[in-house]
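Have a look at the structure below before the remarks.
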Amino acid sequence: MAQWDSFTDQQEDTDSCSESVKFDARSNTALLPPNPKNGPPLQEKLKSFKAALIALYLLVFAVLIPIIAIMAAQLLKWEMKNCTVGSINANSVSSSLLGRGNDSEHEVRFREVVMEHISKMEKRIQYISDTEENLVDSEHFQNFSVTTDQRFADVLLQLSTLVPTVQGHGNAVDEITRSLISLNTTLLDLHLYVETLNVKFQENTLKGQEEISKLKERVHNASAEIMSMKEEQVHLEQEIKREVKVLNNITNDLRLKDWEHSQTLRNITLIQGPPGPPGEKGDRGPTGESGPPGVPGPVGPPGLKGDRGSIGFPGSRGYPGQSGKTGRTGYPGPKGQKGEKGSGSILTPSATVRLVGGRGPHEGRVEILHNGQWGTVCDDHWELRAGQVVCRSLGYRGVKSVHKKAYFGQGTGPIWLNEVPCLGMESSIEECKIRQWGVRVCSHGEDAGVTCTL
C-alpha cells in the first residue's frame, strides 16, 4: 500500500508538473504582444508551434500512461502472490493436522511448491527492480520535459523578439512588390511602344517599297521613251539624208542646166538677125553713166500676140515608195462618260493571241500569231500592264498575275517579241511599242505566261 501511495503521489506530481507546463505555455503565449498587423505567415507559425506543444503533451501522456498501467499490474500481482502464499501455508497446516502417514510425499511436494514460489518471488523482485529503474528513468524524462518546456519558453521569447523584424521584412517585401508592379507596368508600356514602332517601321518600309516600284516603273517608262526618241532620231537622220540626197541631185541638175545655158550662149554668132520679140521687163538696174545721144531710129510696129501651145503628154507613173514605220502611240485621251450596262456577254477573243499549257483557258503560255506562224514572248520586262493587254484582248476582265521562266512549259517555234512596253490601255499586244519581230537573244526557257481573272 505504501508503494501504491508513492505511485499516486508521483502521478499527482506529474499532473501538477504538466499543469505547470501548460500554465507556463499559456503565460508565454500571453506574453506575446498582440499585433493585428501580423501577416498570415506569422499566424501560421504560431499555430504550428501550438500544434507542436500539444503533440509534446500528448507524447508525455502516452509515455506516462503505460508506466502507470505497469505499476498497477505489478501491485495486483504482488497482492495475488501474498494470497497464494497464505493459502499454501494454510494447506500445509491442514495437511499436518490430518495425519502424517504420507509425510514423505507431502514434504517433497511442499518443497517443490516452496521452490516454485521462491523462484517466482525472485522473478517478481527482479521485475520490481526493473520497474524502479523505469521509474527512475521516468523521473529523468520528467526532468527532460521540464527542460524542453523551458527551452520552448525561450523559443517563444525569441519569437516575440523576432516579430518586429518579421514585420520589417514584410514591409520591405511589400515595397519590393510595389516596385515590381511599377516595373511591370513600365515594361508593358515599353512593349507597346516597341510594337507601335515596329508597325510604323513596317508601314514605312511598305511605302518605301511602293515608291521604289513606282520609280522603277517611271525609269522603265523613261527608258522606253528614250528608246523611242532614239528610234525617231534615227528615222529623222535617215529622212534628212534622203532630203540632202534629193537637194544634191537638184543642185547637180541646176548646174547641168547652167552649163547647158552657158554652152548655148557661147554658140551664138555675131551676125545680127531679125529683131526678136521684146522680152519681159527686167528689174531696174543701177543708173548708168549718160552717154552721147544717138540717132533716133524709126519706130517699129507692135508685134501680134502668139497662140497658146498644146498641153504635153503626161509622164509615166513612178514606182511606189517604201512603207514608213509605225508612228508613236499618242497619249491617252480624257476619260469618257460611263456607258450603259451591257448584257454581260464576253468580248470576242483575239485571233492572234492564245494561252497554252495552263489548267484552264484563262491561263497559260502567251503565244502570238505572226506571218502565219505561232510564236512565244520573252519574259524580259514582262509586267502586269502587258498581261492586262493580253487578258483584255482575250475577253477577260483583267490580269491576276504574270509568270516568267517558262512557268507553263517551254514553247516551240520562233520567239516573236522581247521587252514589250505596254501602257495597259491598248486593245491588243500588237498596238504596243514593238521594236522588232523575231528575237534571237532569248530562249524558250524564258517564255512568258499570264493568269487572267475570271
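Quick reminder: no glycine exception, Cβ is built from N, Cα and C everywhere.
Annotated features in Swiss-Prot:
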type	residues	note
COILED	199-256	coiled coil
DOMAIN	273-344	domain 'Collagen-like'
CARBOHYD	N82	N-linked glycosylation site
CARBOHYD	N102	N-linked glycosylation site
CARBOHYD	N143	N-linked glycosylation site
CARBOHYD	N184	N-linked glycosylation site
CARBOHYD	N221	N-linked glycosylation site
CARBOHYD	N249	N-linked glycosylation site
CARBOHYD	N267	N-linked glycosylation site
MOD_RES	S27	phosphoserine
REGION	1-22	region 'Disordered'
REGION	267-347	region 'Disordered'
TOPO_DOM	1-50	topological domain 'Cytoplasmic'
TOPO_DOM	74-454	topological domain 'Extracellular'
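Around the Cβ of N184 (N-linked glycosylation site), 10 further Cβ atoms fall within 10 Å across all displayed protein chains.
Spacing of N249 (N-linked glycosylation site) relative to N221 (N-linked glycosylation site) is 42 Å (Cα to Cα, whole number). Straight-line distance linking the Cα atoms of N221 (N-linked glycosylation site) and N184 (N-linked glycosylation site), rounded to a whole number, equals 55 Å.
Model confidence over the topological domain 'Extracellular' (74-454) stands at 79, taken as the mean pLDDT rounded to a whole number. N184 (N-linked glycosylation site) sits 57 Å from N143 (N-linked glycosylation site), taking the Cα positions as reference. Around N221 (N-linked glycosylation site), taking its Cβ as the centre, 13 other Cβ atoms fall within 10 Å, counting all chains.
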